[in-house]
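Swiss-Prot annotations:
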BINDING   Asp28, Ile29, Asn30, Arg45, His68, Gln69, Ser70, Arg71, Arg125, Arg165  substrate binding site
BINDING   Glu338, Gly364, Gly365, His366, Leu367  ATP binding site
Amino acid sequence: MMVIPVSFKFKTMDDIEVTGKTVLVRVDINSPVDPNDGTILDDTRMRLHAETIRELSDRGARTVVMAHQSRPGKNDFTTLEQHARALSGILRRPVKYVEDIFGSAARENISGLGDGEIILLENVRFYSEEVLKRDPEEQAETHLVRKLAPLLDYFINDAFAAAHRSQPSLVGFALRVPSAAGRVMERELRTLQGALENVERPCVYVLGGVKVDDSIMVMKNVLENGSADLVLTTGLVANIFLAGCGVKIGKVNMDFIKSRGYCDFIKVAKKLKKRFPERIVVPVDVAVCRDGKRVDVPVKKIPNHPIQDIGMETIKLYARRIREARTLFANGPAGVFENPDFSIGTEDILNAISSSEGFSIIGGGHLAAAAVKMGFEDSINHISSGGGASISLLAGEELPAVRVLEESRHP
C-alpha cells in the first residue's frame, strides 16, 4: 500500500529559512538510564532526533535543544549532561550542556550562539510549571515561555512522542514564536494520518498489552467510525473481553484486573462485544503458567493460574487474519514477551505482520521494543516513536502540540 501524501495545516522545516536564526527545537530524548551512575542504556531516541538537529546545524541555525528526562519522583529523573555527551558523539560535533533552563545562564548561552552551534538546556521538567497540564493559552504565559520567546526566531516541535501532552515547552512557544514541525514529527504524522485517511481493506487492528484504557478507547473509535474491519484482542485486553463474554478466567487473573483498577472495563468490553460481535475477536485458548511452565488451555477450561500469553490455536487464527489484511495497526504485546516461554504469541503475531502484504504500523511502546528485539524492525512499514501520541491519534483525539503548530503565526 502506498500512503497518499498528506497536506498539513502547519509549516515544516522546508518552509522556513533558518540560517543565522536562533531556533528552539523541542525533542523527546527521554531514555532508559542506569539509576546508579546515570549512564544512558539506549540512545535510540537521540539517534532519531539527531536528523532534525543535524539538519538545523548544517543549515546554519543557532540551535537550542530542549528536552525532558523522566518525571519528578522517578529514580531516572536526572540532568541532561549525559544526553549532551551522547548527542555530541552521534552528531560528531559539540553539543554544549547548559545547566539552566531559562535563567540568566541559559539566556546568555542562547544569545552567544554562533551559526551552526548547538546547546542543550537542562531537563525542562526540573521546572515545576512544566508538569502542569493546562490549555496552550495559559502555557504561553508561563515564566519559561515569556523568558525565552524574545530570544527566538523560530520554535520547532519534533517531540511527536509527547505531542498528546499540553505542557509549556510543547504548546506554549508556538503561540508566541513562528513555529514548524521537525522531521520526526512530520514523518510520524505523514505516515499515521496518511494511513488513517487512506485505509485499504480489510483493515485489522491487533490490540493488546496492559494499557486497557488506551486499547478500548482506540477500539471504540475505529469500530464506530467504520475504519476497522476487525479487532484481534491479546494480552490483558483479551482477558478483560473474555471476562466480559462470561468466561471464567480464574481468581488470580480477576485479582490482577482489580489491582490495575480495570474492573469497570469488563462491562465496557461486554457492551462493545455485543455491539460488534463479528468484528471483535477474542482468543479461543490461552497459555498459563503452571509450575513455572507454559501450558496451553482452551478458554472454557482456564485454571486458576496466571494467563501469560495467547494460545497456539489463537495464534494460528490471528496469523491467518493478519496475513489477509491490507492495512494493519498493532499496539501492545500478546503476552509476557520478556519470558521466552510466553513470547511465542508476540513473536508469531509480529512475524505475521512483517510477512503480510498489507501496510503495517506499530504504535510504539512495548510492542515496538519487542519488534526491534526480535528482529522485525526492517520488515514492518512503520514503528512509531510515540506510544501515547499514536494511541491518541488512533483514538480520534486531538494532539495539543499539533493544534498549536497549526495556529502558529508567521510573518
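Backbone N, Cα and C atoms are what each Cβ position is placed from, and that goes for glycine too.
According to its DSSP assignment, Ser70 (substrate binding site) is coil. Counting in whole angstrom, Arg125 (substrate binding site) lies 27 from Leu367 (ATP binding site) by their C-alpha atoms.
For the pair formed by Ser70 (substrate binding site) and Gly365 (ATP binding site), distance between Cα atoms is given as 15 Å, rounded to the nearest Å. The separation of Asn30 (substrate binding site) from Glu338 (ATP binding site), Cα to Cα, is 22 Å. Recorded residues Gly364 (ATP binding site) and Asp28 (substrate binding site) have their alpha carbons 14 Å apart, per Cα-Cα distance.
Within the same chain, the residues at least 6 positions away from His366 (ATP binding site) whose Cβ sits under 8 Å from its Cβ are Gly209, Gly332, Pro333, Phe337, listed in sequence order. Residues Asp28, Ile29, Asn30, Arg45, His68, Gln69, Ser70, Arg71, Arg125, Arg165 are listed as the substrate binders, and the farthest two of them sit 18 Å apart at their Cα atoms.
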